[in-house]
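K.L.:
The structure under discussion is supplied below as structure tokens; questions concerning it will follow.
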């Protein structure tokens, strides 16, 4: 199912770029950031913003923000206003906290005693309420309801001893980490530098890419070309379209300083003893683009393995394997390959329907989400279908599709879900429907097949998901010294109710 | 490849609806037409228009037209202006002849001696120049450069003997057919009736659907529910999303009168002796949505058979079969099934890139169309890929994709094209690049693999295409008396240079 | 009162320009036309259009039209599309006949046997219904409900004998005049020429201006500079803002051919014996801009004389003379001067209120039109005001103003109206409220002062108006041979019910 | 001359409204504020904003802001979002400090320890730079470059002793006054109350109006109707259009608390010993709408007196007195009355020209601002004109008008300016052209008549202006105990260079 339908949404994507040289650079920084953000559009479609800097000691920051898709916000005319720069950061957003107004759009820019800073943030602070009170007590009027403004004000604060000196960014960021444990992937722009930070649990993703004069993606044998600049992004999928190559993931707790020619780790803040990493497992299941790389593995491959595992956990006697286009296709192909059944297409997406401005009339309400699809009935008439979905969250979208397939001639429809049921809220940056809305918490969950009109419905187990994610790590085939660091934990709170930190932190 | 990239474009889609009752009807006619047009959006994305009628003897026609996608042109507010009606026709358009202005948008409405008529047209008149001169001599000032205005003026003309009588529509339409042999699928709305007409060669498609109170698609055993109205559409794919069921195709030369309760053939105009049907074969290859039905077969199935045939005609030693998403997927699955190789995905489409308003910068120009895709490199690293495309028209889009795959680790890339090369212009409603732009007419065509950077390139033969289209017809498995009528010809002019009529008609 | 409030509206303005030279000319023709239309904006605020021609024998016509004010329709970007030209015509419009859609916007362009023509029309055909039928019988489908399309189709018709020859425009225009006696001021563009035509009764205005390299307005002694081109306009007020000087009025029935270097009368069509001119007297009273010149006199001066006359016809014992800004100011100054009372301002217009998009709430409905004004109470507190208005049409706007003035301290308010009451419809191009809406036809008219809340109300007599218009003509002080031609008639049909032609013509 | 042309601009208008009752109130508060802002549109045309509150103890604040005119920003749809409220404040703005972005639009809203506050500000802080540094040192990151954000943050600060108590607004506002002496008229909304504050010098205006069920403006004898609510506005001119009646001016240094049923003075902060009021004298000359009341006198009357005074100071032998429409008309009428010459109109404004989006072409650049006017030449041909202007700031707009009049037949043109020359910058909220741009500081000022092409040019003296402003105050005719408070000073800094406070405060 599509993210819009499920009610689950990622909240943000961040993207930064710094050119290897002074303005005017060969690299068109606002362009690169715009296209980088387009590559992160699936992480936030509500608003977008870019702030650029000319990199001088008293820099001019240029800002453009707007409601809507990146492509609508950044036209050629708007980009021209940002041109005189050699670095910048951008943001694309859904609202998790903070309502949907331009005012809440990131990046945030504030003037501090040491000049302007711009901050872009992906994540959500588990202890936001306490922090908010603390800042208000200090006499700071907060203009927005967003966690990110709080982070910005925390970073803006200059300790008395430092006021006439240069700012100590490692100290400020460490202070932020002391105030708030999780969850943030941050880009902080100051003068000619971008600081890139992941929280100590590594809950939200962040990675670095290198811009070279000739793009040669993923080929490490080839002699690398000259570096033209650096990019930093929530997901590596945004690198290919700008001709950048994947450099490396930023580690949990790591503070990286990216300047014109260097990428340097300033410090890596450890977690409390005994706690493990808590990278959001739903990035694999749901949010990330399939060509993105986390923990040295391609998201698509993890989804394919989930499908394979599901075939083992929940085999069924059937004729064909298929899926609801498009996000569950890797799992469906994995399932089909594992159980030896043919993969066929049963639905054909009408890509124009989703954007209809008009209200559904009576006829359409009966059909529900099925109106988005054409049926390829000759492919399944009289057959038993295993229909793979990547998740069933509220359970209101798969039902009309099953009905549609049956009315169009399917003999049986067996639903297999390539992730476990969601039962708990997230406080770290994911918008999940209320507990009451989640199908797994409803009484109907007990007789789900009947409720959905399917012949059978089986979810992947939590253990199955976790082992699909970690399978290759265990075998160490991709290890390069970094993997071992990663391989000690994922956040599965929305599935299990076990949160990485105490919620009343 | 995407239609936008290939330079080949369908020009139009037409859609009509008539409710089984007087206004106010239970059926929301403007809504149904809008959603019908959304289902035909792939046939024309430049402008859209709807005209509705209240069906009285001196009817009020209400019109709304606009540039852009159907969803943008028809908002709730705009639809409200059309509401008081029980029938209407709509149109979605690319410009083949007639430039891109609102003025050229269809349907055209003119007042005639017998009241208003509205006309929606898909197709292009081969003898437009002569006809134009003829109308001007008659003293009619023509306001647009469109063929469709000429058709409208031809239909508006009332012969002297008929001026104080009721209009004889069969005579008028027959007169039109005498003046212009090909190509048109027409909807003509007058008072409370829609006349639906296909030219005698059946070059452009047109079919009828039935709206019932409970949608039960394609299930002919089930007792049909009460009829709520009739729809008529360029393609049957638009029926499902409005809860209509496929009724039948309008035959070449057939004049059908659709009124509140009946669908009646008024006449069927024969072709000249010896000539055969000339349904555009590129509707199968390229334009139509895969779930549409022509000549009693699903377009998807024909494409799948093309892939199978291609596997026979052009086998190659390889590891995996894949495609450039999304239109060649059926052919790729057919190819893979036939030759026994696994089907894998190698590219992941970034659906937001295509709509970027900003100019490509230097970096992107190097990557060309590849910027639209992420690579799923773990799926093909070190492997030999058979890459299926549905057509290679100008040859400028596949090349960077091949390069991208090779740079990302593909060992070999063998291109297989599921249709023959295009070499000739179309004068019947398809926008084809100029002869000089067509790769098949260029010197480079002789060493195409080297030119494209592929290890090999093979097109499907014309014979292969035709037999894939007609395979099942021969076996008669779907025959119901109509098939035999269809099965005597397709227009392959753009592939062979053999046109269905003399061009200097 | 403002035109918008009174319910009386002029329907159109026309403007043409032709540069003295080939493209590229020094003169920017689309610019000149746009500014000319801005000068005619008060004559039509619903839509605007321009068609330009490159003046070749097979010319390219470029068109841009849009809904809204001239300034919104013609941006720099839109004008660029029209640039390659050395002549063009434009139109600004209210709908009298023909509804408010882009389709009805003028100028109309049609292709004829002798190439394209563009037509811009101010006026309305009294015999439209008959003419329409005639054209439909001829087999012409009419796309709009506008009289102007009929005129265009009449002009497009090429008589059989002329089909392979050059078109005879005088014959065609004469034929039009035979078909339709009144009312039209027309601009017809064909190839490199503009034909400017007034109907034989001269009902609507039309005049010619000359563009010179250095503008020296109205100074006839000065040696004239070199001619850069010609302009033709509904009103001379549009000349000053483009640096053109008034040349002369086009006479009733005159057919003028304007080409690059010459302005030539081709013919002047006489009226039937005994009939007089019928220039619309409401152009003086209401529609025209005060700085326009008709029949060799400035509109402002005529209005001033109406005020003077009114002071004689309807003197009253009072302290100050004032007006509702802005259109009745000349009459108020004339009244004040004649009766020797001081002229003061009592209201101050809030120029932003009129454009409010929001609905009036309860409070504002009570205040009515008075919400548009601030009161200058210190100017009239305790005083008796003579309040001059230019017309009272429906009587719903002056009443709240009188109330406002009284509440703000006025001792007495005596309303004096500088034109007679309107009682009859117009069929020649003016939109007048229905007979029932006109206050002069209502029972309340008998006790108008009480109804309006005024201490007294007097209208100017028809005789007073006519003599104010003709006063100077009689004395012949402005005569230059043309005046005598004019000075034999004005259309006063809306005041008297006497129409210049039989209505069932 | 028009404000846009002179380069002098007011920066802001503020407007607040509170209904006498709980939501849902009879009074439509967002509507009233919108129309109030429309009445202040002349004070700021760049952006507009409204914040409403439901008046509860933990209130919901609803905000809408946008770039452009009030009417464009506040459509019915936008207002609906603000509806659930019984009080609110609004702002309309030009940028003096702070650039022109939505982010800088007011009112500003921040959350404080005691809940949200909204602040609307007219004015500019003379000591902004120092204050800014002070706030940054405190660790507050400032998001905008606007003085108003600083005021908001200063007000947001809760002293430690007060943190768990109710906020002491008098103390906070007093603290603000201690930090910043001038210039501000402020509206502060908190919970169910609006605090209205003028700086101790009274530099910017602010007054209160009362909404009654039946509007009966300025009539103090009449028994007042029931109070429906209170409004507070920069100018009283905005009261009439919403049916409110003028209540009183807020005094310099006064802190007024406006709640549902009461208007209460909390405190009045005195100026330092010896200093006088400093109400901006240019509000009278230029900014305010003529129907506004300051210091108990109508602005129109002051301007009329300036004209009278000018007739005494600078008499000239002439035939007629006139003006450039529209702002100098009161002065022209005063001049004409005093010297006994007739007042005539010589120019007729084309109200559509000003908004043309297209660039002036060559022709228009020669005509300059004269393109905005039509000439009423019959009114002045052969005559000597005294042309009254309200100010000549840069001297680039009057010159082409003089030329135009002379070319159209004026025998002489004597310019009389109803205010003294501007020579110095303003730091209190007025945007004045740079010193170099001011005509009074240029060498050409010595031979101004020749430079402008006039026969003579005379400005009003500073003494003349001041005495025109204070004339009636002296006579005490309007005194009601308040006048004496006002009548001890006006800020004439831009004319004299004498500022009300030290600039390095």
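Along the chain as shown, residues are numbered 1 onward.
Every residue gets a Cβ built from N, Cα and C, even glycine.
Those TrEMBL annotations? Automatic predictions, nothing curated.
Got these off TrEMBL a minute ago, pasting:
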{"type": "ACT_SITE", "residues": "B:12", "note": "active site, nucleophile"}
{"type": "BINDING", "residues": "B:280, B:426, B:491, B:494", "note": "[4Fe-4S] cluster binding site"}
{"type": "BINDING", "residues": "B:327, B:389, B:390", "note": "Mg(2+) binding site"}
{"type": "DOMAIN", "residues": "B:12-261", "note": "domain 'Glutamine amidotransferase type-2'"}
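Burial and contacts for the listed features, if you can.
P.N.:
Long-range Cβ neighbours of residue B:12 (active site, nucleophile) (same chain, at least 6 residues apart, Cβ-Cβ under 8 Å): B:43, B:44, B:91, B:92, B:93, B:94, B:106, B:121, B:122, B:123, B:234, B:429.
Cβ neighbour count for residue B:494 ([4Fe-4S] cluster binding site): 24 (other Cβ atoms within 10 Å of its Cβ, all protein chains included).
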K.L.:
Nearest to residue B:494 ([4Fe-4S] cluster binding site) in three-dimensional space, by Cα, is which of the binding-site residues B:327, B:389, B:390?
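P.N.:
Closest candidate to residue B:494 ([4Fe-4S] cluster binding site), judged by Cα separation, is B:390.
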K.L.:
Tell me which of the binding-site residues B:327, B:389, B:390 ends up closest to residue B:280 ([4Fe-4S] cluster binding site) in space, Cα to Cα.
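P.N.:
Nearest listed residue in space: B:390.
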K.L.:
Can you tell me whether DSSP puts residue B:494 ([4Fe-4S] cluster binding site) in helix, strand or coil?
P.N.:
helix
K.L.:
Count the other Cβ atoms sitting within 10 Å of the Cβ of residue B:491 ([4Fe-4S] cluster binding site), across every protein chain shown.
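P.N.:
28, counting other Cβ atoms within 10 Å of residue B:491 ([4Fe-4S] cluster binding site).
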K.L.:
Roughly how many Å lie between the Cα atoms of residue B:327 (Mg(2+) binding site) and residue B:491 ([4Fe-4S] cluster binding site), rounded to a whole value?
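P.N.:
Here the two Cα atoms lie 22 Å apart.
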K.L.:
Report, in whole Å, the straight Cα-to-Cα distance of residue B:389 (Mg(2+) binding site) from residue B:426 ([4Fe-4S] cluster binding site).
P.N.:
22
K.L.:
An 8 Å radius from the center of the B:280, B:426, B:491, B:494 Cβ atoms defines the neighbourhood of the [4Fe-4S] cluster site; name the other residues of that chain inside it, in order.
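P.N.:
Result: B:203, B:281, B:282, B:428, B:430, B:492, B:493.
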K.L.:
Counting other Cβ atoms within 10 Å of each Cβ, which of the binding-site residues B:280, B:426 scores lowest?
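P.N.:
It is B:426 that, of the binding-site residues B:280, B:426, has the fewest other Cβ atoms within 10 Å.
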K.L.:
To the nearest Å, how far is the Cα of residue B:390 (Mg(2+) binding site) from the Cα of residue B:491 ([4Fe-4S] cluster binding site)?
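P.N.:
Rounded to a whole number, the Cα-Cα distance is 18 Å.
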K.L.:
Report, in whole Å, the straight Cα-to-Cα distance of residue B:491 ([4Fe-4S] cluster binding site) from residue B:389 (Mg(2+) binding site).
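P.N.:
Here the two Cα atoms lie 22 Å apart.
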K.L.:
Counting every protein chain present, what is the number of Cβ atoms, excluding its own, within 10 Å of the Cβ of residue B:390 (Mg(2+) binding site)?
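P.N.:
For residue B:390 (Mg(2+) binding site), the count of other Cβ atoms within 10 Å is 24.
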